[in-house]
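Comments concern the structure below.
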Amino acid sequence: MRLVVAEDLYLLREGMVRLIEAYGHQVVATAATGPETLEALRRWRPDVSVIDVRMPPNQSDEGLRAALAARAEMPGLPVLILSQHVEQLYARELLSDGSGGVGYLLKESVFDADQFIGALERVADGGTAMDPAVIAKLLSSSSPSRGLERLTEREHAVLALMAEGLSNQAIGRRLFLSDSAISKYTTSMFGKLGIVDDEDTNRRVRAVLAYLNKP
Amino acid sequence: MRQLGIWAERVGVGFVRSCVVAVVTMLAPAVWAVAVAWAIWWGPGNPWSWLGPFVLVCVGTLALSRPVCRLARSLVARWTGTLIVAGYREAGPVVRMSTGYWWNGFSYERSRRDAVLDQKWRVRWKDPAVWRDVRFTGIVPFAAGVVASVPPAGIVAAVLGLGRPGPDARLAGVLGLAVAIATAPYAWRLLVPVAVRFLRPSRAMAMTERVEELTAQRADTTVAQAAEIRRIERDLHDGAQARLVMLGLALATAEKLMETDPDQAKALMREARGGAAASLAELRELVKGISPPVLNERGLVDAVRALALDIPLDVAVSADAGLRLDPPIEAAVYFGVAELLTNAVKHAQASRAGISLARDDAGLIVEVEDDGRGGANVRAGGGLAGLRRRLAVFDGTLEITSPPGGPTRVRMALPCDSL
């Protein structure tokens, strides 16, 4: 994969480049400010990019703005936002166009390199990668009228992992369940939530998130 | 017909008010009149003739000044809604020292009664508000009392004139009645400007009070800030710092074990990774408590929206677009809203809440409303008292209406010209 890494702290940027290259991917450009990020995204159209929310010149949400602006120009451009903190507000903004290919993770998710690179690849494929903290908040703050209270504990766990962007196989591995058990759970869950399932992972995740996003 | 009724009511009310003003303001002149009569009765032959009346005037005016001024203030407040702050100096506490004597802020006294009495007189004597009252009592009979006496005097003239035979007396009576009716709605009104002019605390006194208020606020702020810094220091010391030391220890051990026991080294490194993630989470919470990231990145409105998303309530946020304020004010409002929403969840057991942020000519108005069970009140040392103090730093105010059974409405108002 060809990547752009946008992060203003030198040590972190270099560390991330090293990690990504250790997994055999290519970093085509790095950026340290919001405008630089937008410029690099326009020029390279990377398969996926890793972007920090807060960057110079204003030390506000320059990175997120650059990512949103780039996606407005180039719909579906895969971006993975990596931040010191996760905010539902930002996650909703990223998901709002519903076209997939977005991720929003805490910086410490790079600690588990395998999972981090997995998330990057998922986003590059047009899937989603959401931090469990965001998903937990999305699930807990959605009002009970949406049918969530009818889910069993297991179904809830499956939904949360699904919302993070994991495939059925991956969910099965995490919960120590067989694939067929997972598809049984997802089918009953979709029934309770009233979502039409078409066996497409990305659309499935987007459906879940869009459902949770409803005002 | 209706017009006539309104007019009659105005005359009636005005007449009653004029009579009240006349009575209140003429209390002191009545004492003076008694003194003059006394002096005349003793006659010029008595060398002490001036002394008795003089003492009577002084003591009478002094004693009457406070009740007269209290009445004048309450009348003005009641009739026109204009509040005139009395601003009397408060006496400090009287404490018993270990010697058994009593200290009242000025002197030691053998008994509590003496101490209180001594303090009372000292405070009275030095209080500029008392001398202001005396001045008002001396001025108001001429400035407002004379005019306020016109309607009752007219009625007296009417009663006397109409009760007597003869056309001249009749004419005087009718004239008196006409004057009484014509002046009644207006005669009492002079009391208001006179009271405002002479009873308001002087500029210097208002300034002194303001300085005292600001000094207290500064003390509050410094104490609160010091406590906050101590809390942050403690959190860092007990949390992230300790974890990082452990991380270093685990890595050092793993380095040593790498060759002899690779399995244990691997386990230690996994542990170290978990420790690093935990310390990051701790630091994140700490940062959020000091200054919420969304507040820095997006400003107040989006920060409140983000807060609303995080709270397990149905929260509706309405705000003026592009509302930006100075960072300290934004922080105060943000933490205020956070406190109120937390209360709504924790204490009021609300299910939905509404937040509105708007600016008007006076400044920023923030209203938070929930459908909880109400009964919120400001307790000393409680969260709401803390919130009020935080807002007071910016001259902001906090109003709470929270009847038992709900709903709770809280209104925060912050004056700001910088908008």
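The chain as shown is numbered from 1 upward.
Cβ atoms are placed via backbone N, Cα and C, with glycine included.
Feature list (source: TrEMBL):
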| type | residues | note |
| --- | --- | --- |
| TRANSMEM | B:20-41 | transmembrane segment |
| TRANSMEM | B:47-65 | transmembrane segment |
| TRANSMEM | B:139-162 | transmembrane segment |
| TRANSMEM | B:174-199 | transmembrane segment |
| DOMAIN | B:328-418 | domain 'Histidine kinase/HSP90-like ATPase' |
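Residues 49-50, 52-54, 56-57, 60-61, 64-65, 68, 71-72, 75, 137-138, 140-141, 144-145, 148-149, 152, 187-188, 191 of the same chain, all 6+ positions outside the transmembrane segment (B:20-41), place their C-beta atoms under 8 angstroms from a C-beta of that stretch. Secondary structure of the domain 'Histidine kinase/HSP90-like ATPase' (B:328-418) per DSSP (helix as H, G, I; strand as E, B; remaining residues coil): 29 helix, 29 strand, 33 coil. For the domain 'Histidine kinase/HSP90-like ATPase' (B:328-418), the model's average pLDDT works out to 85.
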